[in-house]
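Quick look at what TrEMBL lists:
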DOMAIN    4-129  domain 'Nudix hydrolase'
BINDING   ARG24, GLU35, PHE36, PRO37, GLY38, ASN120  8-oxo-dGTP binding site
BINDING   GLY38, GLU58  Mg(2+) binding site
Amino acid sequence: MSESIHVAAAVIRATDGRVLIARRPDDKPHGGLWEFPGGKVETGETVEAALARELDEELGIAVTVARPLIRVTHDYSGKRVLLDVWEVTGFSGAPRGAEGQSIVWVAPRALTDYEFPAANQPVVAAARLPDRYLVTPQDLTAQQLLQGVRAALDSGIRLIQLRAPDMFSADYRDMAVDAIGLCAGRAQLMLKGPFEWLGDFPAAGWHLTSTQLREHACRGRPFPVGRWLAASCHDAEELALATEMEVDFVTLSPIQPTRTHPEAVPLGWAGAAALLDNFNRPAYLLGGMTPADLPQAMQAGAQGIASIRGLWRV
Ligand SMILES: Nc1nc2c([nH]c(=O)n2[C@H]2C[C@H](O)[C@@H](COP(=O)(O)OP(=O)(O)OP(=O)(O)O)O2)c(=O)[nH]1
Ligand SMILES: [Mg+2]
């Protein structure tokens, strides 16, 4: 296959969280579909320079703050595109459709109402997901857990995994119901438990263990898109299974040595970056991460960090 076309694109986020999308002109490839503004990186140009140039040309704005969000490789019938997507949170000027295209500011959850080119599915997921994924600690009472979830919501956490491996099943299920109620309208809750419970909590997303992933990946997604599906991955093989199963996002671990899994060999930053280079979906780095690690996690190609102790406040 010929070399891929490198494209710089922007998820431009306003202070109220809404994202700017543009309608591709009818006479261009994928005409009429919505897109994240951007265009081809020119020879000798850095991605950041291309991003700044395209957003000036297409929207008349000057980028001041941007960070790497996700890189997606996609084959359009023999034409390979590398979408290099950056999140832009600072710019000067008022965006307008400088090439005559329609533009619209959309709430993240409403992005799924718009039709994008095929490569964009993981980009839309990345635009909807936050940069921190809280995983709840073990060995807590239900009351302590719910108190911690409340504190996390108040501190701005928007994605939470209810992990309670030592809890009896009935207690976990009760707590799941309470946690779903607490998170409603404020955060996305992800449950982790026996595969047979999948259908019992439709308001919650589902986070598969790597064992469940290995066992069930060949059958594809267990439920349609629209409900979040995630998986725990530790190596290239599991990331490939996550792609096969069409999960929405993954955790990749361990990055650093951790107390939870002292025996596991850490991937390190370089190991994580190499794995993510060949993976097309949002990934949270897990294992010894704190919010201070966010910039480095993003540079490594991750959506952000997942953490137990690094994000738990009580
Ligand atoms: N900008 C952008 N391009 C996308 C997205 N999704 C997607 O598949 N693409 C593809 C379509 C094109 O094949 C390629 C980028 O093309 P483009 O038409 O924006 O390139 P450009 O701004 O340099 O335009 P031109 O000078 O070639 O007219 O990437 C997206 O969300 N944003
Ligand atoms: Mg363009």
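Cβ atoms are placed via backbone N, Cα and C, with glycine included.
Annotated features, which come from TrEMBL, shown on the structure.
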residue : record                  : Cβ within 10 Å
ARG24   : 8-oxo-dGTP binding site : 17
GLU35   : 8-oxo-dGTP binding site : 23
PHE36   : 8-oxo-dGTP binding site : 26
PRO37   : 8-oxo-dGTP binding site : 26
GLY38   : 8-oxo-dGTP binding site : 26
GLU58   : Mg(2+) binding site     : 21
ASN120  : 8-oxo-dGTP binding site : 25
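Excluding ARG24, GLU35, PHE36, PRO37, GLY38, ASN120, which define the 8-oxo-dGTP site, the same chain contributes ALA9, ALA10, ILE21, ALA22, TRP34, PHE116, PRO117 within 8 Å (Cβ to the Cβ centroid), listed in sequence order. Between the two most distant C-alpha atoms of the annotated 8-oxo-dGTP binders (ARG24, GLU35, PHE36, PRO37, GLY38, ASN120) there are 13 Å. Here the C-alpha separation of GLU58 (Mg(2+) binding site) and GLY38 (8-oxo-dGTP binding site) works out to 8 Å. When the domain 'Nudix hydrolase' (4-129) is classified with DSSP, helix, strand and coil residues number 30 helix, 52 strand, 44 coil.
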